[in-house]
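Structure first, then comments.
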Amino acid sequence: MLNSFKLSLQYILPKLWLTRLAGWGASKRAGWLTKLVIDLFVKYYKVDMKEAQKPDTASYRTFNEFFVRPLRDEVRPIDTDPNVLVMPADGVISQLGKIEEDKILQAKGHNYSLEALLAGNYLMADLFRNGTFVTTYLSPRDYHRVHMPCNGILREMIYVPGDLFSVNHLTAQNVPNLFARNERVICLFDTEFGPMAQILVGATIVGSIETVWAGTITPPREGIIKRWTWPAGENDGSVALLKGQEMGRFKLGSTVINLFAPGKVNLVEQLESLSVTKIGQPLAVSTETFVTPDAEPAPLPAEEIEAEHYASPLVDDKKDQV
């Protein structure tokens, strides 16, 4: 009965307005009130502040600043084996496995379309048919920056407007085509393991989705698909990111979906639905054994995130540690 009520609310509540209100409130400096809200959040969700670079909740000027708090480097060591791809986010695996032609498993008994997830881009979908996918759910208590599973050259980014359903286990099991319906940002990379897509999926009360190379992608929510492309390799204007490097962030919890080309990687055998994930731990292994040459990432813009002009720089959070 309770679950039915929660699902009904997903269709009844004005999700867009709730999301806008949450984003507005989370960006405001409110002194002692901000600290009180953060303290209550930490207590309710059992957030481990010992992992944060700034464990004192009084050091965060807004709730958003707290929510995208950087972690200390040593708490998420990155597996250095060049044949291993690592987990991109802290959270829980919702589903994982093989993409069956155009079908991706959402929950037991529920599939959705690969092509629909990629906003009807059949050329991009062709890269991943019969490939491998991993869906990672980030709960409110989790660290909300998203990192690279491997070295990658950014080739394309697509913003897809959509619904703002919650993306927890209840909705995944009951809302058809959930991830192909919700707002999302699709990032396509060239990697040594073939093409890889990393998709940041929005949800109710997710105030914004951001990337390190472009800042805030949403809001504004203009209701139209937007597409950007970048040159390959070492060409001028290319964006290269290293394994374990931050690539984006959410303000409030959501989901990351990774797509890998067929025959390129094998998922770690121990992983299954509801497995806990930590950034830097093994996610998959290359089907070929090789040694990756050292690479340096292209410099990223030092601009600050548009949604918060006083936020830490996108590339290096250590510069203003206290």
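Placed from the backbone N, Cα and C atoms, the Cβ positions cover glycine too.
What Swiss-Prot records for S254 is active site, schiff-base intermediate with substrate, and it gives sequence analysis as the kind of evidence. Reduced to three states, the DSSP call for S254 (active site, schiff-base intermediate with substrate) is coil.
Positions annotated as pyruvic acid (Ser) by Swiss-Prot: S254. Other C-beta atoms found within 10 angstroms of the C-beta of S254 (active site, schiff-base intermediate with substrate) number 29, with every protein chain shown included.
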